Amino acid sequence: MNTTMLRSILKRSSSTSSTVSYLTSRGFSSAPAPERKVTVLGAAGGIGQPLSLLMKLNPLVSSLSLYDIAGTPGVAADVSHINTRSEVKGYAGEDQLGQALEGSDIVIIPAGVPRKPGMTRDDLFKINAGIVKSLSEAIAKYCPNALVNMISNPVNSTVPIAAEVFKSKGVYDERRLFGVTTLDVVRAKTFYAGKAKVNVADVNVPVVGGHAGITILPLFSQASPKANLSDEEIIALTKRTQDGGTEVVEAKAGKGSATLSMAYAGAIFADACLKGLNGVPDVIECSFVQSSVTELPFFASKVRLGKNGVEEVFGLGPLTDFEQQGLEALKAELKSSIEKGVAFVHGN
């Protein structure tokens, strides 16, 4: 399959607001895009490899830096043969982490271990928290002004971990730290389109709250285009969106988690960040950020992205009784997860 065909296929399958239209060269011929370095931390992993591929296809990226504890030179060599704009370099081991990060505009972090059957998010936390803490310390040292896209789970805790590390190093800017919740939006759009029998490319569904279980709150009452779905259908769609990760883990029968769809979602959000940095107006995505939308210090809602990262955090808008109940129900769990991340940093 040649590049033109791949781009054509991906363009046809893209949606309107969250789109892979970056895979087409249209619109970039008249003026060269600014130089942008994107670094993927955990590039040799299950999410990292397809994510690296997708970022290589993005013409807004001029330099693609791939880092992992091992295996990265092979991934970098493989991806580097793709005939797109960015130059690719692979780095392996802690001694090369600084070199990988220096000069980065965006750092995407899918590093860590995936959730396996029977593994609780608490088990996951114990392993991934230490990884995120050490990577955040390196970001604070080598590229403190980069936009940080946190994919490593549990995002409800890893984003506060990164924030506390950046605060301790005197480099915290709440506008530049994002929890990537785009996969929840991608799932909500897909499931809604299937049930409403509308073109998924035209669908938009805001998803707020957090990025685990009941903290994921899709606002189907605000979905477009409007569909006349029953209360039972909305409840079922909400539950499926919340359990999407478990659905994939179980379907893979212990051999993996949501890696491909997460890589796609990560690429969509990174592209939005790049567009914001480059001055494209009205770039709006949902993300888990420092927020005053609720009484919680971090919360996912729609944000406007710009040259400094978060330019505006939007409120929740009108909620149905079901959504309001969901909002109240998620707060205690989300609060606990945030506090757990903060306590990890101060307890270590």
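The backbone N, Cα and C atoms fix where each Cβ goes, glycine too.
Since the structure is predicted, the reported quantities are computational estimates derived from the model, not experimental observations.
Residues or ranges marked as domain 'Lactate/malate dehydrogenase N-terminal' by TrEMBL: 37-179. The average per-residue pLDDT of the prediction over the domain 'Lactate/malate dehydrogenase N-terminal' (37-179) is 95, rounded to a whole number.
Its own atom aside, the Cβ of SER152 (NAD(+) binding site) has 27 Cβ atoms within 10 angstroms in the protein chains shown. Per TrEMBL, NAD(+) binding site is recorded for GLY42, ALA43, ALA44, GLY45, GLY46, ILE47, GLY48, ASP68, ASN128, ILE151, SER152, ASN153, MET262.
Summarising the annotation, TrEMBL assigns substrate binding site to ARG115, ARG121, ASN153, ARG187.
Taken from TrEMBL, the feature domain 'Lactate/malate dehydrogenase C-terminal' applies to 181-345.
Residue environment of HIS211 (active site, proton acceptor) contains 28 other Cβ atoms, counted within 10 Å of its Cβ in all protein chains. Residues or ranges marked as active site, proton acceptor in TrEMBL: HIS211.
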Neighbour count (Cβ, 10 Å) for ASN128 (NAD(+) binding site): 24
Set of same-chain residues at least 6 away whose C-beta sits under 8 angstroms from ALA44 (NAD(+) binding site): LEU66, ASP68, ALA70, GLY71, THR72, GLY74, VAL75
Recorded NAD(+) binding residues, GLY42, ALA43, ALA44, GLY45, GLY46, ILE47, GLY48, ASP68, ASN128, ILE151, SER152, ASN153, MET262 - maximal Cα separation rounded to whole Å: 18
Among ASN153, ARG187, HIS211, which are recorded as recorded positions, the nearest neighbour of GLY42 (NAD(+) binding site) by Cα: ASN153
Other CB atoms within 10 A, centred on MET262 (NAD(+) binding site): 24
Neighbours of HIS211 (active site, proton acceptor) among the binding-site residues ASN128, SER152, MET262 (Cα to Cα, within 10 Å): none
Among GLY42, GLY46, GLY48, the one of these binding-site residues whose Cβ has the fewest neighbouring Cβ atoms within 10 Å: GLY46
